[in-house]
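According to Swiss-Prot:
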- 1-64: region 'Domain I' (REGION)
- 65-137: region 'Domain II' (REGION)
- 137-141: region 'Flexible linker' (REGION)
- 142-190: region 'Domain III' (REGION)
Amino acid sequence: MIGKLSGTLDDKNPPQVIVDCHGVGYEVLVPMSTFYNLPELGARVSLLTHFVVREDAQILYGFATSQERAAFRELIKISGVGPRTALSVLSGMSVAELAQAVTLQEGGRLIKVPGIGKKTAERLLLELKGKLGPDIGVAASVANDSQADILQALLALGYSDKEAAAALKALPSDVGVSEGIRLALRALGK
């Protein structure tokens, strides 16, 4: 319903901000990653939003990027994860870190987020697999362009994100593309 707010930043009190849009102040809850990147009070601000209507409240959640909003929307689709928990997850880690944790099945990273226990972390890993954008999690762990090319080659050959990431970790960081692909294929063939 309300997809974006643009106006003047009137107040900042984590995790809530107030955005004045032509005399109407909207209370918006934002993840800490967005909060830390907000301008000073009185400056222009633009937030992508997700509007939640409940029986007892109407709440706006705001995000600096479309990736954050998309991740939030994927998180709240999961049973047992509401908007507050989704906001907590995005406050505890970036979208790229979340995608990497899901791709590499690292539940321990999710458990460190307040409000996420072992069962919820396992559910997140299972239900978010492949839903946070193509290769965003694996790409977050790539150190340089040649490793990115090696990763893309392995994915194009049909290897899963997890297999490709594991093979990439075993390679020296300064390896060339053709040599890296050869070594990765050898490691995956074992």
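Just so it is clear, glycine is given a Cβ too, placed from its N, Cα and C backbone atoms.
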Number of helical, extended and coil residues in the region 'Domain II' (65-137), per DSSP
48 helix, 0 strand, 25 coil
Using DSSP, what is the helix/strand/coil residue split across the region 'Domain I' (1-64)?
4 helix, 38 strand, 22 coil
